[in-house]
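Copied over from TrEMBL:
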- K193: active site, proton acceptor (ACT_SITE)
- G9, T10, G11, A12, W13, G14, F84, A142, R260: NAD(+) binding site (BINDING)
- K108, R260, N261: substrate binding site (BINDING)
- 4-161: domain 'Glycerol-3-phosphate dehydrogenase NAD-dependent N-terminal' (DOMAIN)
- 185-322: domain 'Glycerol-3-phosphate dehydrogenase NAD-dependent C-terminal' (DOMAIN)
Amino acid sequence: MKTKIGVLGTGAWGTALASILLKNGHIVKMWGIDQDEINNLKTGYNNRYFGHKKLVKSPDLVSSDLAAVVDGCDYLLLAIPSKFFNDVLAKLANVLKDRKVNLINVAKGMDGQTKQFWSEVIKQAFSKNLLSLTSLLGPSFATEVFDNHPTVINAVSNDMTSCKKVCELFNNDTFQLVPFDNELSAQMFAAIKNVCAIGTGIVFEQTTSANTRSALLTKLFNEMDRLYESLAKDKYRPKDCTQLNGIGDFILTCTNDQSRNFSFGKLVAKYGIKNALKKNINTVEGYLAAKTMYEIIKNNNLELKLLITIYQILYEDLDKSVLVKKLIN
């Protein structure tokens, strides 16, 4: 059955997921603010992110008119860069007014101002509108989704009935969503693995040793899980970290040059933090998340020496070579 879905955001992720939904036969409307991207998408392309590769078909509507895109949609998919997220939420709330809606979120990490995970920010912003909220989290690069490489990630929600309906919207022969019911673990792993990726980028640039790299990955993952345990307390479930949004996204983000955070870590290793910040042109979620992570670590008196060291390299000008030394000492 055809479902009307509004995709907010004409970037790489919004376009890749719109392509999946179009492939599945749904009615897809897209909203954006970049007029060149809007005009491009009307022809079935997004050359900025995917070159001359074409979507399965052109979206049913591509517009900068938010009200026109939202009108009549059963679901709204939020594919907005984190730096614009709050502004777009405010615009959407103004358009929706009292209307009820199902939201799908693909933003990872947390709000740098409120220190809240994005799922919590969304719930507060749409407390009177929300029928359901499902977040799509897991090992996935937009370019590979667009190219139809087999991809499996989690659909995360506290409402499993709604979550399974979202899975049905997306699932096909190359893309699968697996339902998962723990928002806290999924959102925390989504944020902290970006910090870890900066650390692995630093060390991978410094050494080609498989021994050293493997030790770093293992210890960082264990520290990330201990951080989650301190937040979850009696709700901690040991197997949560083994999900696609846990170990899966960790491996992807912490070992691949397509990862902005991993690539940024390499820049830090080459040029130092100050010059890396000057050279970097992309949003590095892990750099911002490291501050909030460090506050959580301090407030809970946790001894997570690798995560603390990454923070100190980023914000206290600690020598970047110290991270490798901390593996042993």
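Every residue, even glycine, has its Cβ placed from backbone N, Cα and C.
Curation plays no part in TrEMBL annotations; they are all automatic predictions.
Annotated features, which come from TrEMBL, shown on the structure.
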{"residue": "G9", "record": "NAD(+) binding site", "Cβ contacts under 8 Å, 6 or more apart": "M30, W31, G32, L77, L78, A79, I80, P81"}
{"residue": "G11", "record": "NAD(+) binding site", "Cβ contacts under 8 Å, 6 or more apart": "G32, E37, Y49, A79, P81, A142"}
{"residue": "W13", "record": "NAD(+) binding site", "Cβ contacts under 8 Å, 6 or more apart": "A79, V106, A142"}
{"residue": "F84", "record": "NAD(+) binding site", "Cβ contacts under 8 Å, 6 or more apart": "none"}
{"residue": "K108", "record": "substrate binding site", "Cβ contacts under 8 Å, 6 or more apart": "W118, L137, Q187, A190, A191, N194, E285"}
{"residue": "K193", "record": "active site, proton acceptor", "Cβ contacts under 8 Å, 6 or more apart": "M224, D249, F250, T253, C254"}
{"residue": "R260", "record": "NAD(+) binding site", "Cβ contacts under 8 Å, 6 or more apart": "N282, T283, V284, E285"}
{"residue": "N261", "record": "substrate binding site", "Cβ contacts under 8 Å, 6 or more apart": "N194, V195, A197, I198, G201, T253, V284, E285, G286, Y287"}
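Note: the substrate site is recorded as K108, R260, N261; in the same chain, G109, N194, A197, T253, S259, T283, V284, E285, G286 also have Cβ atoms within 8 Å of that site's Cβ centroid. Taking H, G and I as helix, E and B as strand and the rest as coil, DSSP gives the domain 'Glycerol-3-phosphate dehydrogenase NAD-dependent C-terminal' (185-322) the counts 111 helix, 0 strand, 27 coil. DSSP classifies G9 (NAD(+) binding site) as coil under the three-state reduction. Taken as a whole, the domain 'Glycerol-3-phosphate dehydrogenase NAD-dependent C-terminal' (185-322) shows an average pLDDT of 95 in this prediction. The record assigns K108, R260, N261 to the substrate binding site, and the maximum Cα to Cα distance across that set is 13 Å. According to DSSP, F84 (NAD(+) binding site) sits within a helical segment.
Considering only the residues assigned to NAD(+) binding, G9, T10, G11, A12, W13, G14, F84, A142, R260, the longest pairwise Cα distance works out to 19 Å.
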